[in-house]
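Novice: Quick one: the structure is below, questions incoming.
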Amino acid sequence: MTVEHSRISFVVIDVIDILMLSTKGMLQRPKPSDSEADLLKEQERFLVSGAPLAAKVIRRPDKRRGGGDGGGGGGGGECQRDIVTIEDLPDDMPSLTPAPSKKSCSKENRVRFEDQDTEEVLDKHDTHISAVLSRIVERDTSSSLVSLPTFSGTAFPRVLHRTEPDSKVRPVNRQEVNGPRLEVNRLCLCFRLFHVYSFTYSLLSPSISLALFMLLSGEGLGGPDRSAETLRIHQENQAMLQTMSRGEILEEQRKLLAQLDPRLVDFIKAGRSHQDPAPPGSGEDHQHGGVARDSTAKSVPSPSESQQEEEMEREEEEELDQEDEEPSPMPPITEEDLPLKPEKQWVHMGKLEPDKLEWTRDLPGPRRKGTQKAMQARFDFAGSLISPHEDLPTHLGLHHHGEEPELAGYSLQELFLLSRSQVIQQRSLSLNTLASILTKARAGQFASALSGSVMTTLLDAGLLFLLRFALDDNVEGVMAAAAHAIRALLVSDQDEAFLDHSFSWPGGLASFPLLPCSTEEQEEEEEEEQGLPENMRLSAKEKEERRNDHDVARHDVVKGLLRTGLLSRLRYILEVVRPSPRVVQDLLAVLTRISRHSSHAVLDCPRLMDVVMSEFLPTSWSAPSLHPPPSVYGLPLAGALKLLRVLATSGRHACARLLSSLGVRERLSRLLSPEPGELLLESGQALRVSAEAFRLWAVAASYGQACDTYIELYSVLLRALQAVTRDLDSSGPLLAPQRQRVQALLALLTQVTHSAGCHQELHAAMLRSPGPEDPAPPPPPPVSWGHVGGLQAPLVGQLKGLVAGLDGPAGRRESSLALIPGYLHCLGAHYHQLPKQNCFKPVDTLQELERLTSEVLQPLISLLPFPRSCSAVCDLQGHGPGPEAVPSLPGLASAGWKDGPGLAVPSSPFPLLTALCVLLDSITGIHKGLSSKFSGLLVSEPVIGYLGSCCRATPNLSNASAWVLRHEHHLLYLLVRLAHRVAPKDPAVARHASLYHQVAMALLPWLLPGSEHLAHDLLCSVVFSKDFLPESHSGGPEALELAELKLHAGAPHLQAVGPLLREACVQLPSLRGCYLGHLAHLEPSVLGSKDAYLGRTPWVRSRLLPELGPGPALPADWPYLPLVTLYERTGGGELQVEELPRGALQAVTHCLQWLLLLEVWREGALKAVTPVAKLARLSCVFLSASDLFLERPVQRLLWALLRLLTRPDRLDSLDLDVAPPGLASFQDLFSALLVQYEAVSFGDPLFGCWLLLPLQRRYSAAMKLAVFGEHVGALRSLGVTLEQLSLPLERYTSPPEASLPLLQLYFRSLVTGGLLQARCPLLYTVALAHLNAFLFSEGPAQQVSPVAQRVRVKGLIVLKDHLLLFRGPQQDSALGFHTYQQLPPDRAQRLERALGTPDSSHGGTH
């Protein structure tokens, strides 16, 4: 048995082993990432499957001792050997040569000698694979080069796969193997592949020797002529590649790579990448890395050639997307490398096993990845993102046995796995790390470093249920970590801080519910149910019960948590477990966030609110001995008061329940009676508790409740108000908790003033006998005007000092800027309610207001800053949803609101300006003569510039922006309202009346739910006011009429716009009544909003604003509302004008007049309505009734609007491929218009022009196919002349039509007489133009020939002349087009080629 034969057999065993493993589905090779549990699981799965073993050990008897079947034998004791057998492998080796197999001689006939060893003879002639394995002789390696293994960067030694070559291992020499002919095909294929792969570089760099790229030399082909065979294949490849271009070579290379096994390709490419070129000047052969080079190798390539080679290598790496480079192997571990030396007395430690001790090595530094793929994010225990290239020490505990042990930190997947550990500390650590990651993600710290959303990724992975399960853990540490993580998920501290900061602003008590907007799936379900009968529709509760927890949590995170019984668990933790102070604060914050979503669920949870009131809002407590206290049970907490405040915001009934049933009234008296320093609490905590108590009381007073407590604590409130002056006169500025307490006190006084102002009205209503249909009025509040009238004097005195402080030091200025809005708002409430009281003295009040204006307000206006960059409407700060915004968990996205520019920053003037406008509105309502005193504010350059920017802005509405936009909308409304009062008396403001009207028009579709009163007031006062339309009385209609006379002197059919505008201006009061009537369905919302804005506290039902789901209070296309309403009421348009609802014709006329006025003078007011939406809304006039469009006032206005819509700048923006709002597509609307035209038009030119508008060449051919196909009868009455058309004819004829079906319909309608020049001149010209262009185009003759043949056969002389001699469209011509005198030669030749014979008709008309 030779060494070569043994090597061949060994290779065959490996191949068979791989094939059996892959075909029989047996165990896979262990991976470096497999743990011990994975290996045991694979072993168990194999044993359960019962599959036969691929190899087994058997005992073969010793032949020398007679244990075998064959000869000689000899007795003695048996000596057994282990023999490996493989199933499904024949005993005889397969024939590898075409020679006939030799017949074996019989053992009995074989000649033997006495001294011959029987075992040696058997082994020599035995061809079984086991015999081969028993006599493998290793080659002599004494003279071979030995390379030590390189150091590895992994904790465990790398497994070397057969498909991955090792650069330090000597490759197999095919000359030694002397391989059989079975390997010829595979080696030739690899040989050709590598020459194609490598010779691409040699073509680009001819000086590079091919030997440098050789990986397989072909020496293993066998036979005496192997060198000639190698050279022949090499020359054949070179000759083939020399005849191919670079693109062809790359294409063939891609095809070849696609056909081969990817592992084989990786093997060849890896061998190429590990080669080391010979040094320059070396003429000897070198073997480094196992690749032999030819002795005829040329010199090293030049730098330019090397650069070119590197560029191509980079291109191929991008195409194949290679994996990261593997680290070089590390030398085996020795006893000296062990951190702990083994001792002799240790069991089973006598022999050192390096493979099992690799994990004890020190980890190498992190390596840089070789590809550009995104890397997995890793975090430290503080939730910070760790750079993959950062080398951190191991004592931090961030290294572990994961997929990448050399990298520090934990991935999200590893944290999820760690949270399910049996070790308590690991579970707590993972949950706390997840909480830190969530907190930083909400703050937007990962936006620039990570692709995608961390919040979305975690929620999709099941974080919600993971935290909920962890909250049920019996271990308090794990439970505390889960509570902290739930708070980090649900609660944004920045959002809560912003809401607390804006609480004292005008309207700051109200808030939107934090509910997710409806998704597309829910909208589709609602649309599907609309077609079902009423008794078959499911209620909202039934729909909710049918959905599983996962679907509910996917659409609404808070609702999904409520489905899991979260509130009961929180109550159990607070009541029974009694956790640490941090956990209590976390749970109270979670309850507050849930209350902003579902307050009724928190109030209705059994014993939950009782636990909060008894444990965290006690009526008596003792001072804690330690600061901070080890337990907060039995102490008042600001978080508990905030929870009550949010619950009270949900409605007056919930607030009354808190005050009466839960004892909140007694808690307010107990917390506010002493000074904050006397509450036996830490000073900062005492101030926060006092501020939250004032805020809770202010919410209750906004419903007219808890006002009797005001009478009881009147002296306490006055003492707190007087303390503000003392604190401001101190050396330092007020601290943030002190300012918040003063702001909350002023908010309380404002609401109590409003409640006291309603006392007299309700008392008088109670004395009157109500009518049978009148609702019973609410009871009057216990506080009257006499209880609050004395607050005005101290408020004005302190306000003077604060205004003077604006010129003081920075600290004093900051305090004054924060407190002045509260004083102004409180004084505004006082003067708003004062004229309604019996004690009102007009003369004294007017003198008082004049002093206030001259001493306080005018100096304040002169010092008022107004930076436009703070505006949210102008969107200069980019306020919108943050990078981690999750639709199922809405928030304010207020991360960093204190740092950057914005409406809510502490230095923003918007709260001060809003409160100032509230006071000015109240003052100008009493003293009309003071209006001109404030005109400087309205015409100042900052305000005018800000209003101009608002008119050009288009704010985006979302849950994140609605909170800020609502306050800025209130400011814009107050500015417009103040201008409405000042403009008639001040010419300076009147000059800017047009700007303020534009602001009002832009503000109307922006107003959010809860602001319906503002929209109603604008419609009643400013929008339809002639004073704010200066164009109506400054020669605007006349100037427009003169311009039209010059432009359209020769077009008498076009309706003049000037007289229509003049008539519309006269009808402005009627227009206002028309729109107010169509908005009557909003009356309940308007009344509720009015009560909240005007301070009618006993009538306020809730301080929780309506949901944002439906959008703004008014739609963007509200000017078209009468048209849409009429269409929805009438249906199919079969009714006549006499049968329409009463006043329908007048409403349509008023609507068209208002639209005409806006299109001419206020074009920006309709910028939110797309041109296709305008066209669709106006089309309702034709579809509402059969003859409505024939009414003269309607037709005149429609002609004018059509002219405005078809102006060149408007027409270019008309995109009919976009579906109008409320419709599936414009084509559906066009089909309805076609049917209506055929039924009721009577050839009306207005209706005809309306139909011709979508038939322009630039629009879809589907609408033209509908006219010339299904509704070809409409062509007989579509008699719109070229003079009546206000569009250029080129829009219909250019470019030439390319749709063959449409061209066939054009020709058919012309030949059959359906399209005549006398009946439909416009489309007749269009059809001729497109057919003529098609006949004489450069297209294939086989397409033109049928049409030309039919033209010749039909013999229609006039049509034939028009079609063949057509020259081009001309709108001022009698025919609408020009013709040739005779057919041009090139066209004649083209026609002859199409017909096959010369055509004799070359003359024609002109």
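Glycine is treated like the rest: Cβ placed from N, Cα and C.
In TrEMBL, annotation is done automatically, which means it is predicted and not curated.
Residues annotated as region 'Disordered' in TrEMBL: 58-80, 271-341, 518-550, 767-787. Sequence annotations record features per position, and here TrEMBL assigns domain 'RPAP1 N-terminal' to 232-269. Residues or ranges marked as compositional bias 'Acidic residues' in TrEMBL: 307-327, 520-531. Taken from TrEMBL, the feature domain 'RPAP1 C-terminal' applies to 376-441. According to TrEMBL, the compositional bias 'Basic and acidic residues' annotation covers 539-550. What TrEMBL lists as domain 'RPAP1/MINIYO-like TPR repeats' is 1119-1340.
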Novice: Counting by DSSP secondary structure, give me helix, strand and coil numbers for the region 'Disordered' (767-787).
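Specialist: So the region 'Disordered' (767-787) is made up of 4 helix, 0 strand, 17 coil.
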Novice: Just to be sure I understand, if DSSP states are collapsed into helix, strand and coil, how many residues of the compositional bias 'Basic and acidic residues' (539-550) fall in each?
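Specialist: Helix (H, G, I), strand (E, B), coil: 9 helix, 0 strand, 3 coil.
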Novice: Can you count helix, strand and coil residues in the domain 'RPAP1 N-terminal' (232-269) using DSSP?
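Specialist: Residue counts for the domain 'RPAP1 N-terminal' (232-269) by secondary structure: 33 helix, 0 strand, 5 coil.
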Novice: State the residues, same chain only, that lie 6 or more residues beyond the ends of the compositional bias 'Basic and acidic residues' (539-550) and have a CB under 8 A from a CB inside it; answer 'none' if no residue qualifies.
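Specialist: Counting only partners 6 or more residues beyond its ends, the compositional bias 'Basic and acidic residues' (539-550) has Cβ contacts under 8 Å with 465, 525, 560, 563-564.
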Novice: Over the domain 'RPAP1/MINIYO-like TPR repeats' (1119-1340), what is the model's average pLDDT?
Specialist: 90
Novice: How many helix, strand and coil residues does the domain 'RPAP1 C-terminal' (376-441) contain under DSSP?
Specialist: 28 helix, 5 strand, 33 coil
Novice: Would you kindly list the residues that approach the region 'Disordered' (767-787) from elsewhere in its chain, counting only those six or more residues past its ends and only Cβ-Cβ distances under 8 Å?
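Specialist: Cβ under 8 Å, 6 or more out: 704-705, 707-708, 710-711, 714, 752, 755-760, 833, 837, 839, 1097-1099.
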